[in-house]
């Protein structure tokens with residue numbers, strides 16, 4: 001299928017979202033679509049797949065002008081859209097999720113479960129992925145859920161697959177396998193739209209790139225004819241001096257110390273510390289135990305043994321409330337499920353963790369809350385006209401700032417950040433990095449879990465690498481390289 005979208009306009013009320021966008025897709029190509037959150041990428045793809053119509057412009061598919069009535073019609077035509085927000089029903093099994101709305105039945109209306117399993121196994125084998133079909137999808141990791149979504153698209157036998165941040169929660173091995181599958185699909189004539197903020201992936205896998213900014217298509221280029229700095233300038237409309245802001249940290253005394261921390265089946269004998277003003281990067285492959293260690297420190301999960309000291313005093317943490325009272329804060333990797341209530345306003349979300357500060361004998365002091373939220377909005381440069389705006393209406397970068405504001409407001413001594421810039425555009429990432437620098441300059445200690453190796457190297461003062469639930473290596477900023485981190489992450493000796 002060949003697609004040509006010309007002069008696409010879309011507005012919602014008085015808000016012009018797309019203003020004359022051009023985009024094309026050739027059979028067998030991988031075309032990257034990049035832009036800051038809010039640039040209009042998803043809106044453009046929603047118009048292509050029939051979620052809503054354009055106000056102006058044309059879509060031509062294989063030479064025929066086309067406008068799908070809905071996403072079901074576009075799916076039947078061979079267009080699959082794997083969205084960033086996973087379409088997984090947690091209470092249903094893996095098999096049920098794969099076939100929801102597309103169940104295979106016999107002439108009596110009974111499910112042909114054996115045939116369904118065979119088809120699912122065929123797709124899973126292509127993904128080199130194994131998981132029990134009767135397992136509840138909600139029990140799967142985020143990475144496993146992403147692969148289920150990809151499997152659903154492959155089962156449609158689609159001619160065009162749109163992928164929105166498909167690798168965000170995948171391990172390096174899973175990403176490599178996905179890229180193999182993508183190349184195999186293009187050889188069969190399938191065209192792929194690849195929406196991502198990961199520049200290294202785009203240069204590794206894509207043929208062309210279209211950059212969008214503020215509802216317009218800035219430029220379409222062949223990957224071989226462009227570079228990182230050019231794309232960043234097109235995305236943000238300005239030069240970014242450096243990808244990561246300069247750090248000139250001043251370290252104080254150890255704030256948090258963890259000793260002999262163990263939980264059977266998850267991690268063993270974890271021992272580390274983090275100092276005032278320091279960013280401790282935590283690296284490792286997916287499933288190594290990085291998040292599990294931090295969840296246990298914050299009191300979400302129990303441990304078998306170990307001790308936690310804050311400012312030299314032993315803590316007893318039985319649940320997150322104890323952790324918060326002690327001076328810990330935890331920004332989880334899944335901000336939309338665990339960090340935010342999307343239907344609530346910015347004010348309500350930021351206030352959730354700070355109710356004690358605004359209440360008097362059970363009554364919330366509204367003015368104090370509003371003043372505090374306004375301060376956080378200005379301090380973190382959250383782009384909004386009102387603090388009453390539902391958080392779900394914000395871009396990914398601004399949603400992440402709301403999560404940070406929510407926890408910074410508790411005045412923590414230690415801030416744990418799990419994948420702090422996942423799914424955030426390059427401009428918003430730099431703002432988050434600058435904020436992290438400001439927080440450490442005030443003496444806050446930050447523990448940053450990240451699967452983005454350039455981010456780990458660019459922002460960490462010290463790097464702790466986890467392999468199979470144990471600390472396999474530790475590196476200071478000056479000696480750290482991607483190769484050394486990956487050696488430790490895969491169980492090797494960094495000194496070999």
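Each residue, glycine too, has its Cβ placed from N, Cα and C.
Feature annotations, courtesy of Swiss-Prot:
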type	residues	note
BINDING	35, 36, 37, 38, 39, 40, 41, 42	ATP binding site
DOMAIN	3-239	domain 'ABC transporter 1'
DOMAIN	246-493	domain 'ABC transporter 2'
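Shown here: features listed in Swiss-Prot, placed on the structure.
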| residue | record | Cβ within 10 Å |
| --- | --- | --- |
| 35 | ATP binding site | 27 |
| 36 | ATP binding site | 24 |
| 38 | ATP binding site | 21 |
| 39 | ATP binding site | 26 |
| 40 | ATP binding site | 25 |
| 41 | ATP binding site | 24 |
| 42 | ATP binding site | 21 |
Model confidence over the domain 'ABC transporter 2' (246-493) (mean pLDDT, whole number): 87
Three-state secondary structure, which DSSP defines for residue 42 (ATP binding site): helix
